[in-house]
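Below is one structure, written out as structure tokens, with a few remarks after it.
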């Protein structure tokens, strides 16, 4: 059944101009997996008749059961294009054979880390948008991620069959709906566009927008119709294509094109007249069983149908006719091949985003030229659990060189620093494998520009890594991925039977490997904590942990717990001072809140410890109103050296200051990771070292004296600066009909949420509601919401920002102070906070 073998696939891997690496991205339930099926069917991996129902790329049992994609799945497809299809193709190519490495990614926001992993190893993206629902929150998130990785998008307006069957809209109305959808997508693309990518917006008349119905397996771009009419009427194809979109009207009575509607009954817009109406007529003829009418249309359009197909009725008949006339695969493939870049093109502009080292060394050059003879550069973006329990494939993409079976590679983990031994391994690749949906084919080697799965490296890679040849000791790693969501929801897990503990520890290690986002840690109280992006994400992680990684051993999970952050509201009331244990050193300090937007800038990586100090002080001075000299005196960021807090040196002429800098920084990393209120991370606090008095003898000012003192003085300054708690807040988008709005508002009010935008979707009875909802209140939110709106409302939650809690945690009996004692109790600390007098000393 499969129309190609692994050897054919391997042969074409060398023609880097004939490869397309692309991912399918969209909002949840807009039909990614279903559309992918048509493409898979065209390559002959599944039968055409069942395409759309199999959802080939949903390989896990729970994916099929829930009807959502959870993990991104790769599949390599091989196509032979006809000469006429490639006539207008301008780029370089070798022959007519194309290899498309396609990755189907999840749409659900809890799994957006899977999307990031998929985008990193592809160059183009097919953005799927439901023609009725339009561009939603998640569409925007994934588009922003894609453009951030410099990935060129093409759009398909999916679920066209809804227009014909379910809603029965007329042509003009359909046209305005589609135009709105495309316009909304373009607005997002223009907002996040990158000057190096050029214009990334999509235009139907240029062939970068397709119209599809994934479930029925048909699709078209305007060029399909332009070709058809060009040969029929003998007009120029490109001219015809421009006429099929925009303000172009045709009146069959006068046989003239105009740019305005002349008002005659027969005068219709080009798109409606030549694309929408013919499809509508054929579908109507099929659904109403008007066989003779249908046959007339079919012969006119030159569709060849088998005799037994003519005996079908209703939907199956329509599906066959439409698939034969406008097969989804050819329209979408043509669009991908013409408008998405090959690795050779894409790596030229993506190298700056990918490679951490200097842009003129051997490695950067090899990536830029996509050179198979250069040194190996391979990025592993995720680990895929293999079918035999406990083993993992490392799934990634070769950016330069070749990776082959049995070769020795140098593995650089995410914490690797060039020139050091930390997080570095040299190991053998046992097998190189290419992925074909549910099965894998072993190949000898894989050259650059392709995706690959490697066997035998799973012990050394946690989530992602950079691989190069064993001798290349001066290679820098490829930049780590930025995730658009952060793990804010945590649960504690323990075994039901105490003897299963080793299984749990091992299982947690494997879980951390298999999911790009999840964080597993052990608290000081000995609890095992799993942190994820949301309720659904955690649910899937726990299911994987129990069934796959622990062999079904039972686990007990606590209620979900939310991470908080600690911050300050004002500058410290006074300069606080702490003395070292031997009373010979004194540190003076103040705390103040950071400027608006600065903490977010540090989170996004626009400002950080690795920046050039000149650039950094320029940004701080221009955007946040810092003093230029002050901006050069930032000692460090924290927690984890990159977090959104910092220490600034304000001292004037202090001796020996540099000697204690390291000790103060160490104390700061400790303090910022566990704040004074409830040992949660600090956020958005800027500490200013005002003065330091040190002992002249070096022996009296060692780390043992300074580190604890520094930590105490950080706590004291935090407590004198009106400390507050920050709680994480979700942005919730809800789609619902008008009669469900009352229920939505009441549920949101119970849960301390507030609505900030309500819009009616033009042309539909649905409303789009956006609201903020504290993560603490979000557990069970979707089930409560469905219950009170009788299942008509669908929420999507994305982590959005940190919101300050209004009450004062230092005031007994306030909401914040009860919350603090709850958190402290859970962590096994004293319920009462340590008072300020413990941290601050008097002269």
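Placement of Cβ uses the backbone N, Cα and C atoms for every residue, glycine included.
Annotated domain 'tr-type G' per Swiss-Prot: 17-253, in sequence order. Here Swiss-Prot flags 26, 27, 28, 29, 30, 31, 32, 33, 158, 159, 160, 161 as GTP binding site, drawing on similarity to another entry. The phosphothreonine annotation in Swiss-Prot covers 57, 59. Residues or ranges marked as diphthamide by Swiss-Prot: 700.
Just so you know, the Cβ of residue 32 (GTP binding site) picks up 27 other Cβ atoms within 10 Å once every protein chain is counted.
Site extent for GTP: among the recorded binding residues 26, 27, 28, 29, 30, 31, 32, 33, 158, 159, 160, 161, the largest C-alpha separation is 18 Å. Summarising the environment of residue 30 (GTP binding site), the number of other Cβ atoms within 10 Å of its Cβ, over all protein chains shown, is 27.
For the recorded positions 28, 158, 700, the greatest number of Cβ atoms within 10 Å around a candidate Cβ is found at 158.
All protein chains shown were included, and the count of other CB atoms within 10 Å of the CB of residue 160 (GTP binding site) stands at 28. Cβ contacts within 10 Å of residue 26 (GTP binding site), excluding its own Cβ and spanning all protein chains shown: 28. On the backbone, the CA of residue 30 (GTP binding site) and the CA of the residue listed as 'diphthamide' stand 67 Å apart. Each residue contributes its Cα atom, and for residue 160 (GTP binding site) and residue 700 (diphthamide) those atoms are 77 Å apart.
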